[in-house]
Amino acid sequence: MTSWNYTLVTYFQFSPFSSIPEIQGSLFCLVLFMYLSTLVGNILIIMITVVDAAFCSPMYFFLKNLSFLEIGYTTSTIPKMLVTFLTKRKSISFLGCATQMYMFSLFGITECCLLAAMAYDRYVAICHPLHYRTMMSWNKCFLLSAVSWLTGVLVALGQTTFIFTLPYCGPNKINHFFCDLPPLLKLACVDTYKNEITTYILAVLFIMVPFLLIVVSYVKILHTIFQMPPAGDKRKTFSTCSSHLVVVTLFYGSGIVTYLRPKASYSSSSNKLLSLFYTLMSPMMNPLIYSLRNKEVKQALKRLIAKNI
């Protein structure tokens, strides 16, 4: 009963983000401003790391990848959300929904893996500084990045195929502002217990495992910092990875609460707010976090602005 022949639904309809029609215009302006800020901030980070020769290092190579991921991550959901604010028919085609879920999953899973690679980079830089150039060679950087992207492509493809080969025969209203896993599974016409277990296992593997690797890296980083002699600049050493730690906390905090909390505590309204946080707030804040806490980025940004004035 999982053949496309049994799928009667040809489109899905999103529920309004708010039940108060009067504030739809204000929400549209707020979300549009945040989305444009996300694009501008991450594009500037990419431009700085590409144009300025001072940023030719593994840390900024990964940062450039992260900014590209953030752009794709928000673009997979927010433009469609903005359209639904302005139209009465808040719908998306079946194929469009599958495409949106695939792109969202691809960028999200890739970011989980990339954040783990960035934590490893900081671990090597602080715990093995004399071997940094050999342990974090450009071949190793490209390999870690390629593995992150390949993991995202394959897992997202399998997950999307697994969800969209289920029969959907009505109702077709998604209680969300984009095609996410939990609300879509509720609309399937068959028992989705196996799908829910599979989704949970994937979330553990590709959210919790990278997160645990990050935790292990930072435990070793903190141990190394605490073992430094009193004359060593511990604060300056830790500041090189503090921005990454803040980004990890924002991204994983909301992601873990959304996808790994018990089903009994699932709430559509709270899930929408959490989803808005990790699909828009976190990507918007990342460029600010890296620029405000990094003197090199701030100086490069000033040089880039000065060249174009």
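Cβ atoms here come from the backbone N, Cα and C positions, even for glycine.
As annotated by TrEMBL, domain 'G-protein coupled receptors family 1 profile' applies to 41-290. The annotation transmembrane segment is assigned in TrEMBL to 101-120, 141-164, 200-222, 243-261, 273-292.
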Legend entry - Cβ contacts under 8 Å made by the transmembrane segment (243-261) with residues that lie 6+ beyond its boundaries: 66, 108, 111-112, 115, 118-119, 122, 181-182, 199-200, 203-204, 207-208, 211, 214, 218, 271, 274-275, 277-278, 281-282, 285-286, 289-290, 293-294
Inset, instruction - Over the domain 'G-protein coupled receptors family 1 profile' (41-290), work out the mean pLDDT and round it to an integer. - result: 86
